[in-house]
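In Swiss-Prot this protein carries:
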BINDING   Thr49, Cys50, Asn51, Arg52, Ser109, Glu114, Gln115, Gln116, Gln120  substrate binding site
ACT_SITE  Cys50  active site, nucleophile
SITE      His99  site 'Important for activity'
BINDING   Gly191, Ala192, Gly193, Ala194, Met195, Ala196  NADP(+) binding site
Amino acid sequence: MSVLVVGMSHRSAPVALLEKLSMDDGVRTNTVSDLVARPSLAEAMIVSTCNRLEVYAMTSSFHTGVNDVVEVLHDMSGVDMEELRGYLYVRYADAAAEHMMEVTSGLDSMVVGEQQIIGQVRTAYHSATEAGTVGPALHGLVQASLHTGKRVHTETDIDDAGASMVSFACDEALAQMSATNFAGCRALVLGAGAMASLAATHLGRLGIEHITVANRTFERAQRLADHAVEAGVAASAIEFERRMDVLCDVDVVVSATGANTFTIEAANIPAAHGDLMMIDLSLPRDISDDVAEVPGVHLVNIEKLRDVASSGEAKDHAAQRIVAEELEAYTSAQRIRDVAPAVAALRRHASSLIDSELARLSTRVPSMDEDDFSEVQRTVRRVVDKLLHQPTVRVKELAAQSGTVSYDTAIQELFGLAVEATPVAVNVDELPERINKR
């Protein structure tokens, strides 16, 4: 079994296609269950963010595994298979492990160095674990990747490149406004989740005068407004249905609801409003593109941010060095684990031969007393253990090194061993019942 990544991101696909593949918790749970139901896939988890959709799986067959993932994504989204193949990228084995480490470190993000992705990978892992589709292989890779991400953010200055999508969006909005802060401005924040909370916090740091929070659950909107007040920013909460009533009173709108319908369209904006900056942090999009056609209205969304971000931005060398170190440690440990069953089989084979030969000796020399036989038995086992010790230690050391030699296969061929296949970690019959899709 080797790790496989099949995905698309802001680097490979248009936002409109990413929208079609975005998943809420229920869809993600159903999809990982569908993935491990395929014979070629043993474990699976899905990272779904505003600019990324990636399937991580353990597969016994590269080509079949890729095809199975694409078919499941097609069934989930309704997107044509050929269209999917045109935008999906694939990573396999060590390259897949390296990709997850780079993603978790923020090196593959639209804003290099952003930290939100660590939490998003952790959430994807917990979601798949609860769904019963994560086994020891993905568990080990995720833990190694999270450790790598923590090291990168702790030991390098990569955070200076960009704290998050929120800060990047606000910086782009300020650039369009020819301003350095939001002093004297009033804002409407739609949503009360993690992204909306980050937006409210960042607006406060940039000098916003007042924040109005609207959310479909009023209590959550009130909590976010209370947090803003505690942080020293004037804020209030309103019912979500009243969001249009305050449009004429604000200078900035930030929407992060992740709804399936637009929260604001051009028809909702008062004709004589004046300048209005709109920031859409959601995928699928919250704010209709047609708002940008209204005089005085400016729109910053995920697609705009992708165009602004430099896809050729140089990666932090210190961060890349850490990723390389952690990848080598992870892959070395993996190769040692891969050869362990063959080593264990060799020792069992040797023990079986000893038992067989001692039984023959006992039959051929029945006059040997029990003490002498026990001494012969101990001596033979010591000799065999000493003969096997150096080769088994050395084969693990050699296996830890990268290369094209399969030492576990070599041991099996040299000694005629039959190594049992590693059991599948995920039992499809024990998965939770499907969740109703949105």
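The backbone N, Cα and C atoms fix where each Cβ goes, glycine too.
Annotated features, which come from Swiss-Prot, shown on the structure.
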residue : record                        : CB count, 10 Å
Thr49   : substrate binding site        : 22
Cys50   : active site, nucleophile      : 25
His99   : site 'Important for activity' : 22
Ser109  : substrate binding site        : 27
Gln120  : substrate binding site        : 18
Gly191  : NADP(+) binding site          : 28
Ala192  : NADP(+) binding site          : 27
Ala194  : NADP(+) binding site          : 14
Met195  : NADP(+) binding site          : 23
Ala196  : NADP(+) binding site          : 26
Least buried by Cβ count (within 10 Å) of the binding-site residues Asn51, Gln115: Gln115
Residues that sit under 8 angstroms from Gly193 (NADP(+) binding site) by C-beta distance, when 6+ apart in the chain: Ala256, Thr257, Gly258
C-alpha spacing of Cys50 (active site, nucleophile) relative to Gly191 (NADP(+) binding site), in angstrom: 15
Pairwise Cα distance for Gln120 (substrate binding site)/the residue listed as 'active site, nucleophile' [Å, integer]: 10
Helix, strand or coil at Thr49 (substrate binding site) [DSSP, three-state]: strand
Gly191, Ala192, Gly193, Ala194, Met195, Ala196 excluded, remaining Cβ within 8 Å of their centroid (NADP(+)): Ser197, Leu198, Ala199, Leu224, Ala256, Thr257
Inter-residue Cα distance where the pair is Met195 (NADP(+) binding site) and Asn51 (substrate binding site), in Å: 14
